[in-house]
Amino acid sequence: MRLDYLSIFPAYFDVLDISLVGKAAINGLVEIHAHDLRDWTHDRHRTVDDTPCGGGAGMVMKPDPWGEAFDEIIGTESDPSVHVIFPAPSGTPFTQSAAAELSSAQRIVFCCGRYEGIDHRVIDYARSMWTVHEVSLGDYVLNGGEVAALAITEAVVRLVPGFMGNPESLAEESFSAGQDGLLEYPLFTRPVSWRGLDVPEVLMSGHHGRIASWRRDESVRLTRERRPDLTDSDSSGIH
Ligand SMILES: Nc1ccc2ncsc2c1
């Protein structure tokens, strides 16, 4: 999997060299390429923004640098196997199933906007050429798409076959199919008693059936408490 990042702050992605994603890069599972969008400007000030047509506050990212960057980084041929991701508060909520789908992609290009956003024709052009995802991480606003791109990267790359040492652990995580799309149950380890707080006795019983039942009940309880929106989804197994 090749991952490209287009941003006016490409140094955000240096962290990928030290994180687990960096390990995957060393193992050849993923290739990381960060690019400075200003490298595709031609004026002395390396301008990437301009005032919004129709008025309004703030600045909008000009289409020209993006188009030239696309030409050089992705090419000028249409290819639906290339996934282009625009993180944005107005995007479709990103989910574990979306991460799972993207984990089989061979190319993902992250377009990290700043200012008030990117000229919409950039997204329209990308849609005419590649598979585009406008993605939101939640109902809050960051200063740009870089942090969202890092979060999406981690969610996707950890699902790439061969990345996780023990892929079985993926099956028990929140939102995973193995969890029926429920939130993960509470976890405990030694010591059994800590500051007057004990590990639930059932987990020390060695009775696998009872343990499985307790864990399921806890997942259902947590999901109903914290994410009632998930309890009616087809994958949740609880209705
Ligand atoms: N371009 C941009 C700006 C803010 C923001 N917040 C969450 S994703 C995102 C993307």
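Backbone N, Cα and C define each Cβ position, glycine as well.
Features as listed in TrEMBL:
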type	residues	note
BINDING	Gly113, Leu137, Gly138, Asp139, Tyr140, Val141, Leu142	S-adenosyl-L-methionine binding site
DOMAIN	1-231	domain 'tRNA methyltransferase TRMD/TRM10-type'
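Mean pLDDT across the domain 'tRNA methyltransferase TRMD/TRM10-type' (1-231) comes to 95 in this model.
With all protein chains in the displayed structure included, the most crowded Cβ environment within 10 Å among the binding-site residues Leu137, Val141, Leu142 is that of Leu137. Listed binding-site residues: Gly113, Gly138, Asp139, Tyr140, Leu142. Those with a CB atom under 6 Å from ligand 1: Gly113, Leu142. Applying an 8 A CB threshold to same-chain residues 6+ apart, the list for Asp139 (S-adenosyl-L-methionine binding site) reads Pro89. In this structure, Gly138 (S-adenosyl-L-methionine binding site) belongs to neither helix nor strand by DSSP; it is coil. Between the two most distant C-alpha atoms of the annotated S-adenosyl-L-methionine binders (Gly113, Leu137, Gly138, Asp139, Tyr140, Val141, Leu142) there are 17 Å. In terms of local Cβ density within 10 Å, Gly113 ranks first among the binding-site residues Gly113, Gly138.
Sequence-distant contacts of Tyr140 (S-adenosyl-L-methionine binding site), defined as residues of its own chain at least six apart whose C-beta falls under 8 angstroms from its C-beta, comprise Pro89.
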